[in-house]
Structures are given as C-alpha cells and as structure tokens.
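Trainee: For reference, the structure I am asking about is given below.
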Amino acid sequence: MIKLVLIRHGQSLWNLENRFTGWTDVDLSENGLSEAREAGAILKKNGYTFDVAYTSVLKRAIRTLWIVLHEMNLSWVPVHKSWKLNERHYGALQGLNKDETAKKYGEEQVHIWRRSIDVRPPALTEDDPRYEMNDPRYKELKKGEFPLTECLVDTEKRVLNYWHSEIAPSLKSGEKVIISSHGNTIRSLVKYLDNLSSDGVVSLNIPTSIPLVYELDDDLRPIRHYYLSMDGEVPEGEFPKHIVF
C-alpha cells in the first residue's frame, strides 16, 4: 500500500488579516509557525517518514515543509519546488481584504470568484506592481504562460500536469512522499484523487497544517483517506483541533 501525505501551509500573515493571497509571497504568522511544528510532531509520533518532498515556490509552503521535516529529524530529505504547486492566482484581488471586497462587489460575486471552479477573478495588468513575471523564480515561464488570474480549473490543470510528470512516478517507484502546498492546490489534488464533482469541490475546505493522509493502491487509486492528530487517525468528517506548540 502507498501512503501520500498532503499538508496545507500553516496560517500566513494574510490569512490572519483575511486578505486574498494567491501568488503574493507572504510569510507564516506566529500561529502558522506553531501549526507547522505541531504537524511535524504529529507525523513523527505516528511513525511517518519520507524519501522526497514537494512544495511550491512560495515561502509559506516552503517554510512549513522545512519546519515539518526539522521536527521529524528529516531535514536531509530532498525537496523539489515548482510554481505548478503554487496557490491559485487571484488576479487583481490579491492583497485585498475579503470582507471589504465583499462590500464593494457584493458577497454573491465574491463567493462566485472564490468558490466556482470556472470563473476567474478580475485579472492583473502587466503594469501592476503585483505582476511577478520578472521574479527569477518564474524564469522558465514565457510571457504568455504567466497567469494574470486563474479559476480552479486553471489551477487544477497545472497541478495535475506536475502530479503526472513528477509526483506520481515517485509514488509508483516506492518513495514515501509529502506535499506541502496551498488550499486550492490541495483541493485540486483531492478533487482528482476522489473524483469529486464540481459541487463536491466547491464545498471542500482544507484546514491549515493538518496532515491529510491518502492510502493508495498500486495504480494510485485511493483506498481511503484521513486527517492525523497526536492520537492517530481522526474520524471522517472531523478536523483535529490545533494545540499550542
């Protein structure tokens, strides 16, 4: 049996401020650092180990992974970073407070932008200071490939491209894999693995820094999945509560 561990990064500074983050490279909050340490302790206590790790090129996911591996005495594990595991690009909404945006555009419109799978938020323009095309971490991207906004379908497409080309082969070769990424990135993977409908993924919430374990067969089809806590598996439909760590 193959086990895959997915983990959303710990609480970020903009999660704390209730702002749209997307590709903006914000760090973890103090609470997020604590959540990451807790996740590492949970995995260590439950006897997990890893051969390889995957993450995005955004520091909140990278730092979460570093902390998790450090807590597990696995800092030596190879880490592969890719923009294809970045959070969904929220376009011109990036940096805006979610409540203030809802007051400006209406709660229904903002809900559509956030939760529908095929509606993109307003796009950035290339002269916007939030446009990251010249950032060296994206040097492999050509101008027409760099997103100015994304819907969940766009995010899912790049995430699954990376899944099939890099992650799935690692799992099939017998490597123990952890992925530290973002809410919509993990939603995309869960949608694919569990063959969720569009309605199913709309209501799917991924908590910060709680290890989500998938048990897979040899063809990477899910047998079952569950969240982990210090006490082991968490009953389906429940999230473990964070502790002060």
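Glycine too: its Cβ is placed from the backbone N, Cα and C atoms.
Under the heading active site, tele-phosphohistidine intermediate, Swiss-Prot lists His9. Taken from Swiss-Prot, the feature active site, proton donor/acceptor applies to Glu87, supported by sequence analysis. Per Swiss-Prot, the feature substrate binding site maps to 8-15, 21-22, Arg60, 87-90, Lys98, 114-115, 183-184; the stated evidence is sequence analysis. According to Swiss-Prot, the feature site 'Transition state stabilizer' maps to His182.
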Trainee: Please compare the recorded positions Arg8, His9, Lys98, His182 by how many other CB atoms fall within 10 Å of each one's CB, and tell me which has the fewest.
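Mentor: Comparing Cβ neighbours within 10 Å for the recorded positions Arg8, His9, Lys98, His182, Lys98 has the fewest.
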Trainee: Using DSSP and three states only, what is Arg8 (substrate binding site)?
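Mentor: Strand, per DSSP.
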Trainee: Could you state the whole-number distance in Å separating the C-alpha atoms of Trp14 (substrate binding site) and Glu87 (active site, proton donor/acceptor)?
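Mentor: About 13 Å separate the Cα atoms of these two residues.
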Trainee: Kindly assign Arg88 (substrate binding site) to one of the three DSSP-derived states: helix, strand or coil.
Mentor: coil
Trainee: What number of additional C-beta atoms lies within 10 angstroms of the C-beta atom of Trp14 (substrate binding site)?
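Mentor: I count 20 other Cβ atoms within 10 Å of it.
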Trainee: Determine, to the nearest whole angstrom, how far the Cα atom of Arg88 (substrate binding site) is from the Cα atom of His182 (site 'Transition state stabilizer').
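Mentor: Between the alpha carbons of Arg88 (substrate binding site) and His182 (site 'Transition state stabilizer') there are 8 Å.
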Trainee: Spatially, and counting Cα to Cα, which of the recorded positions is closest to Gly22 (substrate binding site)? Options: His9, Glu87, His182.
Mentor: Glu87
Trainee: List the Cα distance (Å, whole number) between His9 (active site, tele-phosphohistidine intermediate) and Lys98 (substrate binding site).
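Mentor: Between the alpha carbons of His9 (active site, tele-phosphohistidine intermediate) and Lys98 (substrate binding site) there are 19 Å.
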Trainee: Whole-number answer please: how many Å between the C-alpha atoms of Gly183 (substrate binding site) and Glu87 (active site, proton donor/acceptor)?
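Mentor: Counting only the Cα atoms, the answer is 7 Å.
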Trainee: Write down the Cα-Cα distance for Glu87 (active site, proton donor/acceptor) and Gln11 (substrate binding site), rounded and given in Å.
Mentor: 14
